[in-house]
Structure formats: C-alpha cells, structure tokens
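Structure first, commentary second.
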Amino acid sequence: MEPNIYQLALAALFGASFVAVSGFFMHFKALNLVLERGKERKENPDGDEPQNPTLVRRRSQVRRKVNDQYGRSPASLPDATPFTDGGGGGGGDTGRSNGHVYVDEIPPGLPRLHTPSEGRASVHGASSIRKTGSFVRPISPKSPVASASAFESVEESDDDDNLTNSEGLDASYLQANGDNEMPADANEEQISMAASSMIRSHSVSGDLHGVQPDPIAADILRKEPEQETFVRLNVPLEVPTSDEVEAYKCLQECLELRKRYVFQETVAPWEKEVISDPSTPKPNTEPFAHYPQGKSDHCFEMQDGVVHVFANKDAKEDLFPVADATAFFTDLHHVLKVIAAGNIRTLCHRRLVLLEQKFNLHLMLNADKEFLAQKSAPHRDFYNVRKVDTHVHHSACMNQKHLLRFIKSKLRKEPDEVVIFRDGTYLTLREVFESLDLTGYDLNVDLLDVHADKSTFHRFDKFNLKYNPCGQSRLREIFLKQDNLIQGRFLGEITKQVFSDLEASKYQMAEYRISIYGRKMSEWDQLASWIVNNDLYSENVVWLIQLPRLYNIYKDMGIVTSFQNILDNIFIPLFEATVDPDSHPQLHVFLKQVVGFDLVDDESKPERRPTKHMPTPAQWTNAFNPAFSYYVYYCYANLYVLNKLRESKGMTTITLRPHSGEAGDIDHLAATFLTCHSIAHGINLRKSPVLQYLYYLAQIGLAMSPLSNNSLFLDYHRNPFPVFFLRGLNVSLSTDDPLQIHLTKEPLVEEYSIAASVWKLSACDLCEIARNSVYQSGFSHALKSHWIGKDYYKRGPDGNDIHKTNVPHIRVEFRDTIWKEEMQQVYLGKAVISDEVVP
C-alpha cells in the first residue's frame, strides 16, 4: 500500500523541524560557550587560574568536537577555535600556557570577514581593528536606530589616531546589549561622548550579536543642524564697461531716492526692547484698556493736502518736514526715465537671469544638504512654522461654507431680529428672506454665489459683486458690514469664529484689511467702537486700514466737493487721537493694533500720468479720479508726518503697504518703489526688468496671491511668483479673498499647497516663503523674536534660527551672499551694507 501524501508531508515537516531545532541548539550552545569564555577572561585579566578547571576542560573538548564535525564555526560568530600545540586550529590537544586556555584569533593574513545585514555594510567583529566608539552607541528611546551618523562616517578620516587596536576578543564588544559596561581603562578619551554633541539623551540598547540597525534616520536627529559643509558659489565680480558703469550709477540714484523717502524709525524696535529670552510673550489680557494720558502741546494744520505739525500754537517751524508734491513727482519721472532706458533694461535683464541661474546651480549642488539640515531640526516642519497671511480682506476672511453655516444658524436662532431698514420699513431677518423667496432649507453654496468663476476674469466689477450673498446687497449689508442697523453684530460674531480658527491652528496669523472710505470724519470712531464693543482682539491678528480709491463716485453723489475733503476725513481724526488720546479713547486703543495703510481698487482703469506740477487736493474739484501715484503721495506724506509724531510720543507707527502692480500702468510700481515698505501683488514687475531688479536690491516685500490673480487678471501658470522666488525677491504667499477664492477651512495652507504642487516647491522653499511673510508683517518685535528667533533682524545666517524657521543656514547664507554681491556690483564695489535688516 502506497503511503498517503499527507503522511509524506508530515514526515518531511517533522524532519525539517528536527534539523532546524538541532541547528538552532548547536548555534545557541556554541554562542554561550564563547560568551562564557569572554566573561572568564574579563574576570581574570591578570592570568589567574579559572575557578573551575573541570568546566573549562569540558568546554574545550566540546569545542574541539564541534569543529571536527562541522569544520569551522558559523560566519556570524567570532573565530574561537582552540589553540593547539602545533599552532593549528583543527584537532589535537588543547594548548595551555601556565594553566590558561587561549582562544585563537583570525590569522592576520586572511581578509576581513564581511557579513552584510539589512541597512549595514558589515558586521562588527570581523576585524581586530575597530573604532572604540562604535562598540555601543546610544540610540533613540523611540527607535532602535543607532546614533552613529552615516554622514559622520564619510567625514571622519581613517587615521591611526582615530583607531583602537583591540587585542583578542573584547567581552564588552560581545555584550552589545549593555549587560556589561565598557572597560574603564580602554581609551577613555575616545569612548567618552561630549554631551554638547547630542541634541537629546538616549537609552542604550542593541542586539546580542552586536549588529546595529540602520542609523540614518536617528543620526539626522542627533546631529547638530548646519554642521554639514556645502558648496558655495564663487562667481567673481564682473568688470563693468563704461556703459554699464553709467547704468549702475542710475540704479544707485534710484536706490538713494528711495532711502530719502521711505519712513524709518529713529530707534529700531530691537533697540527699544531687548529680548533676552524669546519665550512666548505674555498675552495682552486688557487690549482695549485706556489710561488717560493728557494732551500734548503739539499743534497741527492741513496745508496743500499735507498735515504740518508744530511744537505749540505760537511755533512756526515745521517739526517734521516732508518732500513736497512737486519734488516727489519730479523724482517719480526720473525713475520712470531710468526704467525706460534700453541699455539699463538690457543690463537688469541679464542680472536677473544670472540670479535665477545661480539659484538653480545652488539647488543642484546643495538641495540634498538643505533637506538633511531641515531633518536635523527637531519638531519643526512646514506645518508648525509661523506663516502670516500678509494680504487678506476682512469682509472676505471666511470661506463660503463658513458664511453659509453662519447665515443658516442666525436664520434658525434669531429669525425675529430686526436687521435692516429698507424702503421706509424695518425688516426682521425672517422677513428679509421671505422677501427674497428663500428659506434656510433652500440655501446652499451654489445659491450663495459668492465664489469667483470664469465670468470674473478681467471683470473687476463682477468680482466685487461676489461680495453680495445670493446677489443681494441687503444680505451683504446685514452680514458683511459693520456700520448697519445692528452695529455690525453679525460680522463681529463671524469674525470671532475666524479668530478662533486661527488660534486653534496656532501657527497661522493674519493681517486683515478693513475699509475707511473717507466720506465723513466719524468713520474712524465708528470703526474703533465696533472693534472695541465686539472685543475683536487676537494674538494672531493685526489690522490694516484700506482706502478705496472712489473719489469720482463720491463726487458724483455729492458727498465730497474736492479731494481735500477725503484727506481731511481720513487723517485729521488720526492726528487728533495722537495729540490728545483722551479725545478719541477707543480710536487710540484701536490704533495700537493697526500696522499698515492700504490703497485698493481696480488698477486696470485708464488714468492720466501725473505731471511735475499737479493741482493741490483743494483744487482737485473735477469729476475724474486722481491717478494712482497722486493717491500714493498724499497718503505717504500724511502718514510720514503722523508716524514721526507718534514715534516722538512713544506710540506705534503705521506703514504704507498698498495694492500695486496687480494691473494697470507701470507707474504704480515706480511710485510705490519710492514710498512703500511692501506691496500687495506686484505681478506687473514681470513687464519691467529694471523695476524688478530695483525691488530685488531694495528687498521690498511682495505679498502675492496667485489664486486671486488667476480669477481676475493672470492665469496661474503665467504667474511670475516662481521666477521672482528663484531670483531672490522678497515674496510671500497670501490669500486675498478666501470667500471668493478658496474652498477649505485653512485658505493660507491651501494657497501654499497649490503653489507647492504646481511649481514643485520643496519644503525648504515653503519655509523660506513663510519666513519672508513674518518679516513683511507688522507684528511686534517681541512676537517676531519668538516666532523666528531673537536675532531675526541680523543679516544672513546670524539672523536665522533653524529650530524656529526650519530654513537651513545654507539657504539663508546663499541668499545673503548673492544679494551682497549684487549690491557691490551696482555700487561698483563701494556699497555700505548694514549688519541689520531694514525693518
């Protein structure tokens, strides 16, 4: 009868199991013999007789028997064949000297034995020469990865000074699991590991065979960031021709003009407040508390559209003189003449292309090193570095789903709230929706119709209509206005919800732009009252004031008679609150949170280029809207004087940060080059290589919004943001209008993610852009010190803290070096560069 197939399989399984168990037993027993012999040698370092000679003799006989049967011990074990009288390692009597049993080492003539394992090139113990520090290495308590750096092994040399010759087998090496300590007399200076070279302390563990797992991941964390060397580009400065020298002198003149115009604080913020411990600043528990300060002796009056400040009523000397309109427009025309010169355009284009290629070469040589440097910074990645939304309008700060949920909740919870006065009748919220033939059930995102679509491209008027939910201006007035029948309570509540979302994210900040129209002087007090009464304060938020350029509309409506009326309505209350804070207490505390002033409207509208001799604001009584640069000058001049006055009284200052270069003429960018700290958009710089190069040299901030531009003026793939970034312009990403543009709860992260996906930005690129956004923002010196490092105001790697920014010193040093080289090129080797970044 033939055996059953299952019986054959069972027999084969039993035989294989028996062989496996036997092999394991022999392997385990041989290993134990080696380990016990090592312990005995350690316990008797001076050659004393072992305590149990019978046991030693029996072990030697077993070892000889094993070697006779199997030839040689397994490759995974150190060679431990008995020493014989004839010097051989096979049979014969066990060799003794003074009663001691010796263990044979691998003959020196044989090559090293390599037994590769996963993630390792070789197994320790194959050679009698090894680095002492590699016997037992600290590893992370969360990972079995050894701390020896894979990159240290490349950098360290194989000199004899770094090597230790171990005679025979070292029991401490065999006990790699930490049961036995390292011998105290074995090169203590090499075994000891300086604590300063470790980022964290780690527990010691390992496996029995001394085979360490792959060390790469943990090594990256153990290494101090930025210890790796990188390839520095060394491109010698070109010797300019005579034509290039003249072009460089023109660029120098433009940069010096800007220095004369832009407001700079007399005492830098880091000199006023020295931050020794950049820990989390204490939250402001009473942001709207007002303490009487009294009125100063200053006196001011408006002359030709610009406020002049005097020490007292009898004084005639202007305390804070500013360039007049004629001088400004003359200098503006000089800049326009420079940017139109053909030879200068050619030179600047060539320099910009060279900047781009230098960065590409830097990435080819150092991208991997930047990546590893980022990995070495514990805790930090793109998600938990500070990012500031440097350009976002408050009326569109929420996404469409958020607004829809809020409207539905109010319609459900407060249907009988009187919300609007229309056509001589007060209407409740329910009556408003009934008049629109809508119910809460009918509402959805599509019906809300606030999202920009194809119809808004090159149609700024249609884009503005998207601020009306369901196409109804009455819903905009109820939910998105602060000066309405309910004193903006609904807008205040949804604003608080947005603040709460920002605070929950912790690492996202915003600078919200809120409108002052200039129709009446009481607008400032109304806005400040709305902010204070609704307790709209967050450590993650500051405010900018935006002025819509709508003079022609107000003139047609009969609200104003001249442009001077708008300037009076905007700036007179600010000077009053500065000279006498008690006269406008709510405005005074609100201005502590205002960091910038913006100009907004459709830049694509045609306008006349201003001449050197323009009418004064009081003389501007025609129905046409003044040119963009006309608005810019008078806002700049009044803000300059206001900031000088506020600085003299120890108050916060307000920078000019308008929309510019989104569309329209290149003149807009020339005017903002002379007067502004940073701008929003700036995509038209792609049309002027000279202005683009000047913006690079001056490091003027550009808060760019590619998704917003994609809906209005420029397709996403044509946006110049990636080119600007490669060339080294000071760019940041912003959202502009989340209500119309974005779809997620975190619009700023959405902006970053789309840019990273489309333009293949690396993690280092994203963190550099986020760092730029903090520099451009108007947050306090204390907060910036906490967010990006206490020395953030210093140039180059000295001002970078990778543990806070996650930007490698390699990238920062490259940017700083290239910028300094360009400045020396433009100034013909005579540039005077400050060690501090101009705020």
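Every residue, even glycine, has its Cβ placed from backbone N, Cα and C.
Owing to the predicted nature of the structure, the values given are computational and were not obtained by experimental measurement.
Here Swiss-Prot flags 85-94 as compositional bias 'Gly residues'.
Residues annotated as phosphoserine in Swiss-Prot, with a large-scale study or a structure entry given as evidence: Ser134 (among others).
Taken from Swiss-Prot, the feature phosphoserine applies to Ser140 (among others).
If you look up Swiss-Prot, you'll see 153-162 marked as compositional bias 'Acidic residues'.
If you look up Swiss-Prot, you'll see Ser203 (among others) marked as phosphoserine, on the strength of a large-scale study or a structure entry.
Annotated ATP binding site per Swiss-Prot: Ala289, His290, Tyr291, Pro292, Gln293, Gly294, Lys295, Ser296, in sequence order, evidence recorded as sequence analysis. Neighbour count (other Cβ atoms within 10 Å of the Cβ, all protein chains): 14 for Gln293 (ATP binding site). Classification of Gln293 (ATP binding site) by DSSP places it in coil, neither helical nor stranded.
Leu739 (substrate binding site): 26 other CB atoms within 10 A of its CB, across all protein chains. Sequence annotations record features per position, and here Swiss-Prot assigns substrate binding site to His393, Lys462, Phe463, Asn464, Leu465, Lys466, Tyr467, Glu662, Asp737, Pro738, Leu739, Gln740.
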Quick check for the class: what is the C-alpha distance, in angstrom and rounded, between Tyr291 (ATP binding site) and His393 (substrate binding site)?
31
I need the CA-to-CA distance for His393 (substrate binding site) versus Lys295 (ATP binding site), whole Å please.
34
In the structure shown, which of the binding-site residues His290, Lys295 has the fewest other Cβ atoms within 10 Å?
Lys295
Once the DSSP letters are reduced so that anything not helix or strand counts as coil, what is Leu739 (substrate binding site)?
helix
How many Å lie between the Cα of Asp737 (substrate binding site) and the Cα of His290 (ATP binding site)?
33
Once the DSSP letters are reduced so that anything not helix or strand counts as coil, what is His393 (substrate binding site)?
strand
